[in-house]
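> Pasting a structure below so you can have a look.
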Amino acid sequence: MSGTTLHLRSELGKALEHRSALTPTTAKALLDAGYTVNIERSPERIFDDSEFEKVGATLVPENTWREAPADHIIIGLKELPVEEFPLKHVHVQFSHCYKNQGGWEKVLARFPRGGGTLLDLEFLVDERERRVAAFGYHAGFAGAALALETWAWQLTHPASEPFPGVSSYPNEGALIVDVKKAIAVGKEKSGKDPRVLVIGALGRCGSGAVDLCLRAGVPTENVLKWDMAETAKGGPFPEIVESDIFINCIYLMSKIPNFVDMKSLDTPDRKLSVICDVSADTTNPNNPIPVYTVATTFKEPTVPVEVKGEPRLSVISIDHLPSLLPRESSEAFSKDLLPSLLQLKDWRTTPVWSKAEKLFQEKVATLPKSALE
């Protein structure tokens, strides 16, 4: 027996977050390996509490991770709710604070203030420096779906009626049915299929966006698949403005030339009506799409961009797009993460986790003293 307890917290920090870092299948694998697995009850999680209970996990009340013994490892997905109290545990989650996003100092400082450690899932990499698990494919898939639906909606509704709120789907097939219906409506109104430009098309996220477009019936020749070779010359790119939909799927780490900006949008050749920033680096100072500043939500999926003339332009910048397909995205992610989870009992010495800790310590070292007080 490892003597290590893993505590899956309920996702309280993000509205309509139905995904889970653990599934009943991966929870059973961890139990079989000798871990104790505590699962917080959750009314939002896509997996019923009973599914975890059936495989032998222990159900505990929601939001009890705070009182858990200090040696329990807290597992989650999205960032914790914005609060002030110090954090004493090891937390495995996405934190969105390593790229100097807005408010990153307050988020990160809670860990050293309480003696806790952040093992950020975004930076969990193998010996080849490749991420061991990511939601990228389903993020791109969901983002492309909403972008196509928004394109069609804007063709058939006035600006006073923005694209309405959405909720999660039981599976990819059900989502594709709705997207196909939307495309048919848009095509009837415009007389043409949409042209979609995907940047980052060779990565996980971009491949998901491309797959959705093709499975929904967008002709292959209308899906422009760009990656590093096409963007090497530096933007802004007129090809984006001349497309109906632009889907940004890059993984941003440093400043690059803008893909599109307000100046490049100011042209009579503009056909662009929807931008889906799957990367959702809204508060990142290096965001290469500086035409919006608002993160959108499933309740309000789009934000308008003040442009001249027609068509009107909307941005989708939802930072948890895979929750549109919570069961499939969770199962894929947790399956990929499982080999690393099985090594958590030795997280200080296992390469994949010790590298994550080193990165955490390096980032903590950059905190201003005022954040630690």
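Every residue, even glycine, has its Cβ placed from backbone N, Cα and C.
Unlike curated entries, TrEMBL annotations are predicted automatically.
Copying in the features that TrEMBL gives for the protein in this structure:
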DOMAIN    7-142  domain 'Alanine dehydrogenase/pyridine nucleotide transhydrogenase N-terminal'
ACT_SITE  Lys78  active site, proton acceptor
ACT_SITE  His96  active site, proton donor
BINDING   Arg130, Gly203, Arg204, Asp227, Thr231, Tyr251, Val278, Ile318, Asp319, His320, Leu321  NAD(+) binding site
DISULFID  Cys205-Cys249  disulfide bond
> For Val278 (NAD(+) binding site) and Cys249 (disulfide bond), what Cα-Cα distance in Å is obtained after rounding to a whole number?
6
> Taking Cα atoms as reference points, which of the recorded positions Lys78, His96, Cys205, Cys249 is nearest to Thr231 (NAD(+) binding site)?
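Given the candidates Lys78, His96, Cys205, Cys249, the nearest one is Cys249.
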> Can you count the other CB atoms that lie within 10 A of the CB of Cys249 (disulfide bond)?
28
> If you count Cβ atoms within 10 Å of the Cβ of Val278 (NAD(+) binding site), leaving out that atom itself, what do you get?
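There are 31 of them.
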> Using a 10 Å cut-off, grab the number of neighbouring Cβ atoms around the Cβ of the residue listed as 'active site, proton acceptor', all chains included.
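Total other Cβ atoms inside 10 Å, all chains included: 19.
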> By a 10 A CB contact count over all chains shown, which of the recorded positions listed here is most packed: His96, Arg130, Arg204?
His96
> Same chain only, sequence gap of 6 or more: which residues have a CB within under 8 Å of the CB of Leu321 (NAD(+) binding site)?
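Listed in sequence order, they are His138, Ala139, Gly140, Ala142, Gly143, Leu146, Val278, Ala280.
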> Within 10 Å of the residue listed as 'active site, proton acceptor' (Cα-Cα), which of the recorded positions His96, Arg130, Arg204, Cys205, Cys249?
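The recorded positions close to the residue listed as 'active site, proton acceptor' (Cα within 10 Å), listed in sequence order, are His96.
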> Measure from the Cα of His96 (active site, proton donor) to the Cα of every one of the binding-site residues Arg130, Arg204, Asp319, then give the nearest.
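For His96 (active site, proton donor), the spatially nearest of the binding-site residues is Asp319.
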> I'd like to know which of the binding-site residues Arg130, Arg204, Asp319 sit within 10 A of Cys249 (disulfide bond) at the Cα level.
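Hits: Arg204.
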